[in-house]
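Undergrad: Not my notes, these are from Swiss-Prot:
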type: BINDING; residues: Gly108, Pro109, Val110, Gly111, Val112, Gly113, Lys114, Thr115; note: ATP binding site
Amino acid sequence: MSICDPALRNALRTLKLSGMLDTLDARLAQTRNGDLGHLEFLQALREDEIARRESAALTRRLRRAKFEAQATFEDFDFTANPKLPGAMLRDLAALRWLDAGESVILHGPVGVGKTHVAQALVHAVARRGGDVRFAKTSRMLSDLAGGHADRSWGQRIREYTKPLVLILDDFAMREHTAMHADDLYELISDRAITGKPLILTSNRAPNNWYGLFPNPVVAESLLDRLINTSHQILMDGPSYRPRKRPGRTTS
C-alpha cells in the first residue's frame, strides 16, 4: 500500500525523477521504522535517482554501440583454451590502455574469441561512461563508399570518429581498393589525432597487413603509427565457438 502523497508523486513525475519515485515508498517506510534519518532519507533518494539515470545512460550507450552480442569478461570462459594469454587479457580489462589513449590489436585464428574479448573491453568502457561503437570493417568501408556516392561521406565517417572507442572487427580480411585505403587513412588518422583508441580484431598478424594496401606509402603512414603504438595480443589455440553452440554436450 502506498504511503506517499499523490501530489508529491505527480511532482516527481513532472521533474522526471522516476528513480526517486520508484523507491519513495520503501524509503519512507525505512524512515518511519527508524532505519533512516531525515538526511539519510534524502541521500538514499538521491542515490536511487543517480543509479536509475546511470543505468538508463548505459542502456543507451550499449544500444548505440551496435554490438553483435552483449559480451562481457564475466561470461568468457578463459579455461576453454589454455593457449590464451589470460593474464594479458585481464590486464586489458583494467582499461589502462584507454587512459593512455592507446589502441589494442587482437589477432589470431578464427574462433578463438577475439570478437568476444573486443566487445567485452568496450562494454567495460561503456560502463565507465564512454561512448563506444562496433563495426565490421567491410561493412564500414561499404558504408563510407556509399557516402562518396551521395556526398554524405563527412556525416557517415563522423559515426566512426565520434565514439571514444571504436572496434573494427575482421580487419585486414582482404585487399583494399585505393578508396578503401584512403578512407581507413582518414579514419585512423583522425582518431589518432584526437587520442581515441581503436580495437582491431584480425585473422592476420599485423606485419602481414601492409601488402593488402595498393599504395605502400599510404600503408606505411597508416599502419606504422597504429601498429607501433598499440597493444598487440596473439590469441591462439582451438576454436571457442563449438563450446557456445546450442545442444553441445561435454564428456
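Using the three backbone atoms N, Cα and C, a Cβ is placed for every residue, glycine included.
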Undergrad: Taking DSSP three-state, what's Thr115 (ATP binding site) in: helix, strand or coil?
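TA: Note: Thr115 (ATP binding site) is helical by DSSP.
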Undergrad: Would you mind ranking the binding-site residues Val110, Val112 by how many other Cβ atoms sit within 10 Å of each Cβ and giving me the lowest?
TA: Val110
Undergrad: Tell me the Cβ contacts of Lys114 (ATP binding site) under 8 Å, same chain only and six or more apart in sequence, or just say none.
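TA: Set apart from Lys114 (ATP binding site) by at least 6 residues yet with Cβ under 8 Å, we have Leu106, His107, Gly108, Thr201, Ser202, Met235.
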Undergrad: State the count of C-beta atoms found within 10 angstroms of the C-beta of Gly111 (ATP binding site), not counting that atom itself.
TA: 18
